[in-house]
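Chemist: Have a look at this one.
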Amino acid sequence: MPEIKLKHVVSCSTEDTAHKADNLLSSDTYRKWKAARPGEKQTSVILQFEKEEQVHSIDIGNEGSAFIEVLVGNSSAIRDQDYEVLLVMSSFMSPTESRNGTNMNRVRFFGPNQLQKSTAQEKWDRVKIVCSQPYNKNIAYGVAFVKFHSPPDKNDPSPTTSPKLTKLGQFRVKDDCPSSGPSLKPGSLFFSRDNASKPSASLKGKSVYLTLLPQAKRKFEFSKEQTVGGPPPSKKMSPAGSPEGKKKESQSKSKPEPKQQKAKSKVAQQIPFKQIMEGVVFVLSGFQNPFRGELREKALDMGAKYRPDWTPDSTHLICAFANTPKYSQVKSAGGIIVRKEWIIDCHKKRQKISYKQYLMDGAESTSESDMDDESEEEIKTKVLFFFFVLFCFVYIKRNFFTLVKRVEKESRQKKTTAEVKLDKEEDPYGGSTDENTDAEAEEDHPIPELPDFLSGKYFFLYGKFPNNERRLLLRYIVAFNGAIEDYMTEKVQFVVTSEGWQDSFEDALMENGNLNFVKPAWIYAINERQKMLPYQPYSVVP
């Protein structure tokens, strides 16, 4: 992949006298760009390409920054709103590493799958690098080096022999035994992952002296490539020799069914996935990384535009909590404030859903036009859900009454047995000589099964709990078919704690991004209401 040459520095928010922004134009990595003073809230630099280029991959060497974001634009861009996000805010140092000052020079390679596809497919001549370090106010941070690569030329032949030593500034990739494996070049792993249908050859002979972070999630992109690039569905053809098959073909051609025509018209009118949220300019409030980056990436994939702060051209505020300063600002300006579920559901169903159902103040009453827009599949799912709830209600009600009757019958039996015992004590020869009574002959009814609200969910109880609360939580989780882990494993999804937010939770989130820290009140609420409740209102936040 050819490297994109940098022409000059357009502007810079701050720079050190020894480590200026012009050092990024040189290929020597020991010449870095750092902020002028420690504790800067945010630093940025704008670089100019020699000509308009399409960015295929990015190599970034860190210099004490916790997060780095890359935006692109054209030379006609004047405001920050004119820049588009190419690489979402990516983590280079954890909070613990930032406070201790360790692993400050981590290097990350970002391939085409980690860049915004809509932005990476266009050509740009300017790039803006934004760095931040909110965890340590005592260091001057910046960037050690940055390199941009354009898409590889398909006509160029692939090299047959691999060099023994590949140099990337100060960092080197050494080949201990050249005959054991293929060549390893910067960015080659990302390029070969897309083109190769089978897993690449093992790199047992390679020793890489770099610290690489795990690849970002690309589940959606992988499923999207499968649906787009998959083979067309096979059509069943009737035998050509049989006269019945010819008749059926002629009838199907002459008289097409109206349902198929409607389906074709709907498919023809479907909006492309990249244009679902075209015209939407959104702002995020109250979310933390990495979930903030995932939510923003989903909206950008659907054609929306992102703004870090509320601007006159902004249309929607995706808010996590109500009554925040940004919430009050947007509400006074008359903006639309919605929950995060709007972005998630639109991305999941691959269609634009009315935002009125996701308003922060409560969903408005749907109009007739909104009801008409609902597809037949949505109506069917709603009807099935209604009957499912009705069936569950009848089933629980019937079992409840049978359980009450059984308890009453057992209490009566206990009373009768107690009376018989008293009679026997008074008159030892006046008892009945029958072997079995009617109560003993009756068959026991099975105890109704408990609901499995927590089926498939794994829990871990952290810290100390007052009195007998730990034992009670264990009983509720096991009763609702939940699984309890003795240690913090990769399966754990929910951490139940009554001690509030701890500093160790941040390290746990860096290792397992699927963790959710909740209060014991969530388990108690599920038991009281006897239904599954969302965990977000009971989350533990810093």
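Cβ from N, Cα, C; glycine included.
TrEMBL: automatically predicted annotations, no manual curation.
Feature list, courtesy of TrEMBL:
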COMPBIAS  178-189  compositional bias 'Low complexity'
COMPBIAS  244-260  compositional bias 'Basic and acidic residues'
COMPBIAS  415-424  compositional bias 'Basic and acidic residues'
DOMAIN    272-360  domain 'BRCT'
DOMAIN    449-540  domain 'BRCT'
REGION    152-201  region 'Disordered'
REGION    222-268  region 'Disordered'
REGION    415-446  region 'Disordered'
Chemist: Would you mind splitting the domain 'BRCT' (272-360) into helix, strand and coil residue counts from DSSP?
Modeler: 36 helix, 15 strand, 38 coil
Chemist: Restricting to the domain 'BRCT' (272-360), what is the model's mean pLDDT?
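Modeler: Average per-residue pLDDT within the domain 'BRCT' (272-360): 89.
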Chemist: Determine how many residues of the domain 'BRCT' (449-540) DSSP places in helix, in strand and in coil.
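Modeler: Secondary-structure breakdown of the domain 'BRCT' (449-540): 31 helix, 15 strand, 46 coil.
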